[in-house]
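Encoded as structure tokens, the structure appears first; notes follow it.
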């Protein structure tokens, strides 16, 4: 038997090597079938069992196993090889470099090759560079670069391309540009790598300039080139550039593959041109799930939720006949697309579909469903779904904080924020901003300061969105010193920051500082918006500055900003409180909100103070036309009659009170002491410290007895 083994092997080594090479070329198209044939070939070699044979055939098998993703098979074969050469080591290093979790193993194999006395070649270093890029360790990347220089391989195109990709993946686009500029004439792979590096890091214009230079070199562009450039045009949202590149692709007579066609759909949909995106989609002979998802995502981006739903239903129908089945990305995309539509018609049926498909507890789908329920003002359903999801990530926790904050449920938002911290999730700018907004709305300074410490701890002090929320929180809590400190630490504050500080100064009586800050903002070249003018008009209203208010109203109109309801509220309040009741009445009647009871109620309140019966009765009639049983208006009207001595009318109003069973809701106030919020209301004896509060009130009354100051006497009459 041994005598016939060697001749058999030597006669078959060439044909077996040819078979291995052929399988290696075809393994990309049929991995499972190729792996089965590779095992059969391996079995044939084992049966032949040649002693002292060359590693040539084994190296082909190693590469074959690696290409099929069978790393365990490749490693067993490598360990069992009777002899190895540099090609053997390179094959294993390359196998591990294409598999990110095995990147460390690539470096271990490299050390073994060095111990065997085999020097690294261009192929070795290219694979190691790819492994270093997967590990994302900058120090290792620079060390490999120095090894390339030391071995004189810096001019090798494969090594240069690998270095270029490594620096791009590790977040060093400048180093990638430097490598590319030293390459001389790069191949298509190198050009694709530098274009992708620029697009990936937001330097899209630079990437497109490289694309134009690539065309000038006369290189034949491939599918990857066009896919990268279509992605760049989509991110720029520039359909004209995309059409030009599309025309270039058609002119090159290239046969586009499915990924390229998907990139085309994504580009046109990102630019809002769904008509062309659909034309591309319809020309795909057998569109896969990615193609369908791209169309649904396109409709979602342009706000066409109903059409996105129609495409989803069509995909569902096709899936029953052997077509692609929707996955979690599909469901999440269509839920996001229809989130603004009534949940009873879209969101809830999609939720039911997710349950039926077993996708309800997917983080990806669950997050979009929770967002949909918050948009539809259904926080209860959002909470129920959140509680059902077992494994929660930081995104879904942030969604709960943001959702409750937007609905004005500050206490619940803070609850979820603190639970998120307790679960040791890393907070991001969205969760911090929402928590700060909730603290601002609740007027709880201590909580805001605690969140500020979290901002510092998480390293978001320079984040403009977080800084704006921080500033707003301090301003609304009356801590103008803290607000100013945050504001002047911002390198380039945006309009939101300026508005928050202007509003803070105005709300707390520092009118001149608010106006001075506004002038500085205008000098900086920022254009005031409706929020800016609302803050200014509110400041004028609080300070009684009528002429200033009229001036800013004129400036707002000159800037082309149409006044909203709140702007009219500020002006009516300013004019009314200044005693200009006729002007205020005319202002309300000329406004587009002349039927709003709120504006007339403001006017009525001032009529009580200035005892203007005629305008006051007119204002009350306007309110009662739209709200006949409005108790605050009835009370104000009764007070107006009493102020001018119309006691008969007062008696009539009291009869109306009894008929309507009007009961004035008690006022409510609260104070925070030692992280606890204490609420008080009139005639409420339930507070645990009610006796201590009354004793302190009696002490204050005793101190005020005999004081001559009119203001103090007024205060005395109020508390007694």
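Placed from the backbone N, Cα and C atoms, the Cβ positions cover glycine too.
Feature annotation from TrEMBL assigns repeat 'PPR' to 54-88, 187-221, 222-256, 257-291, 494-528, 529-563.
Same-chain residues lying 6+ beyond the ends of the repeat 'PPR' (187-221) with a Cβ under 8 Å from its Cβ atoms: 157, 160-161, 164-165, 167-168, 171, 173, 176-177, 180, 228-229, 231-233, 235-236, 241, 245, 248-249, 252, 254.
Through the fold, the repeat 'PPR' (529-563) approaches residues 495-496, 498-499, 502-503, 505-507, 509, 511, 514-515, 518, 521, 570-571, 573-575, 577-578, 580 of its own chain, all at least 6 residues removed from its boundaries and within a Cβ separation under 8 Å. Broken down by DSSP into helix, strand and coil, the repeat 'PPR' (54-88) contains 25 helix, 0 strand, 10 coil.
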